[in-house]
């Protein structure tokens, strides 16, 4: 056993060199120190921890905002005029920054565990400052330009809250080893009390955290409502160009219960499907009418619109990263799509007995149909032959007149109003963003016989949460993904969740107590084992716990040579036993 000791010490020193070298560029043995961390370096440790926490929230936000990436890219397009996937650089820099800061956090904790002084290298300080600054700028930018997206965090916590709680509990329980070690190796009572109280407060807060965690998926299985209907928002835009006949056909193949579209009015009074104000993004207007590519889409007549290609842009931009998986025949079909009229959509929906919901955009002020746009749209609905009860009418203009002309339409509001007000206005359904209706709101509307459709729901976790909330239908750009969710991702009864909660707390508490007892047991045993040979150097060394590393190392050397002369053991063993580097004569070097 003794003959292998030098190799073990060498490996230990190699690990310590890597630890202190990477964190503080202290590769040499004489550069290391067990002195207290200076106030300046302690401040940098706090900055590092704050940056890590901020990046953790930022990373979580963008992870859960995946549901709305297309909305974000469309928002950027409206600002810049060029289509690009703006989430790619954000995700790449976020992942790189979070990995880097998390690595520094681990190194800092390891320094504390082995009793090394925290001394962050200046290059790392620049890196931490850059990460903190860019993340803060990111928070401010999102808050000013895309502030409504912050609502995804409380919604997502309904799906991830119980699991985040368990993860945090595991992490804080593991920190008990570090906390117990710090308490055991210091003789300052005030420091011990402060650290212990702080740790126990965090631990107690986590033990009680489930009292504040609410999720509609914590419910009795018998109370689960039927699976929500899925409406294809712009058809199935992940599989075909948005608002085209092919896109709606692909959505119908995904067993959707309805189709949703964005409708504008052409210059000669033909309602057609177009999300953007201009034709630049989704057609080849720049090639066919280069001088008019920035004109309002409603300024084109139907003949001009019908001559445009509305599929090549999809193959070029690949907005959902799905083109590579298409067969050659599918690619050719996608590339030949044209602008779709509202009448074509209504006839397709009528043929398959599907509901149609559309948002109708009023044309510009000088447009010939500026005053007749509602009547023009109603006339198209009448001529299409679709049953009126299959059309969800969302425009708030002239609802009284609309009810007189087409009394069978499903009057739908895009504004969240009390059920009593909705009934007074003859509105039977709502079309809201998923963050606008809480589980409580959904239940209240359901009791009042008001159906709720929430948009845009693309992720299985969000679909599951809304399913458990009791929503009747959702609008989705990804019906091909939601069709693979036949049941909520997770669902547990309150009793099951309570059992998991209590069991996790008990296990954590047992482990923490065990760690504290184990750490103090070794300290006590070490102290008792040295009583038979106590000498002045040992007494001074015990009293010098918080003194400078130079004084402590000199005392350790005196103690070692004293023990060797008494025949207690070899110098090598005593170096290891007293926590001194056998290959590093720090006391003499200083």
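Positions of Cβ are set from backbone N, Cα and C atoms, glycine also.
Worth saying up front: this structure is predicted, and the values here are computed from it rather than measured.
The following features are taken from TrEMBL:
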type	residues	note
TRANSMEM	42-63	transmembrane segment
TRANSMEM	88-110	transmembrane segment
TRANSMEM	122-142	transmembrane segment
TRANSMEM	162-181	transmembrane segment
TRANSMEM	193-213	transmembrane segment
DOMAIN	228-486	domain 'GP-PDE'
TRANSMEM	499-518	transmembrane segment
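Sequence-distant contacts of the transmembrane segment (499-518) (same chain, at least 6 residues past either end, Cβ-Cβ under 8 Å): 162, 166, 169-170, 172-173, 176-177, 180, 183, 203, 206-207, 210, 492. Long-range Cβ contacts of the transmembrane segment (162-181) within its own chain (Cβ-Cβ under 8 Å, at least 6 residues beyond either end) map to 109, 112-113, 195-196, 199, 202-203, 206-207, 209-210, 213, 215, 218, 497, 500, 504-505, 508, 511-512, 515-516, 518-520. Averaged across the domain 'GP-PDE' (228-486), pLDDT for the predicted model comes to 95. Here the transmembrane segment (88-110) has Cβ contacts under 8 Å with residues 19, 22-23, 45, 48-49, 51-52, 55-56, 58-59, 62, 118, 120, 124, 127-128, 131, 134-135, 138, 178 of the same chain, all six or more residues outside its ends.
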